[in-house]
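Noted in TrEMBL for the protein shown:
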type	residues	note
TRANSMEM	20-44	transmembrane segment
DOMAIN	121-205	domain 'MotA/TolQ/ExbB proton channel'
TRANSMEM	133-153	transmembrane segment
TRANSMEM	173-194	transmembrane segment
REGION	223-242	region 'Disordered'
């Protein structure tokens, strides 16, 4: 009912304005999208650095500890630290290291906020998914440009006037399509560069969570059922297990 009462001629100026604005909106959205990827990359580096730093502090003082250069990728450092802890957990003869790891596990638990990956994964998924909207926005701009050209006034009802209007709005249609496709291509390329790194961060978080759960279970069980080893202070072991 409401749409039937609208004069098509009144839509012409609005369609003309929207079709001329579509390309600008697409470019602005693409620039904001690039900024979002930049923020995600900073977020990725910060979380990776926090995880690597926490594991570095956690494994410091172990008898056998992997030593990697500062230039080594943080993901490799995290994998090395996880293997160091697994070696301690799987070797019952390393009583002092196991006791120290159990003591430090409580400290590590207090800093587990860096293992919360829901916010980062949600933001990354939104950034990837919305790339698909740019070609659709370009098509929408083309449709608006054609619709604007077809809104004829009473003084311009012949075919020649209609064709002239379509040609006049053809530039907006081309620019909308071009901007949508170009933005999608650029953002897809950037996403392909960052996606593997983001997946590695997710995998590192998963490995650390599994390692922490396994270490707490194995070390606490050993401390509760096992007695002190040679040279180990029974009171210290009791305090650690508690």
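First residue shown is number 1, and so on along the chain.
Cβ coordinates come from backbone N, Cα and C, glycine included.
Computed from a predicted structure; not experimentally measured.
Distant neighbours of the transmembrane segment (173-194): 19, 22-23, 26-27, 29-30, 33-34, 37, 40-41, 44, 127-128, 131-132, 134-142, 144-146; these residues of the same chain sit at least 6 beyond its ends, with a Cβ under 8 Å from one of its Cβ atoms. The DSSP breakdown of the domain 'MotA/TolQ/ExbB proton channel' (121-205) into helical (H, G, I), extended (E, B) and coil residues amounts to 77 helix, 0 strand, 8 coil.
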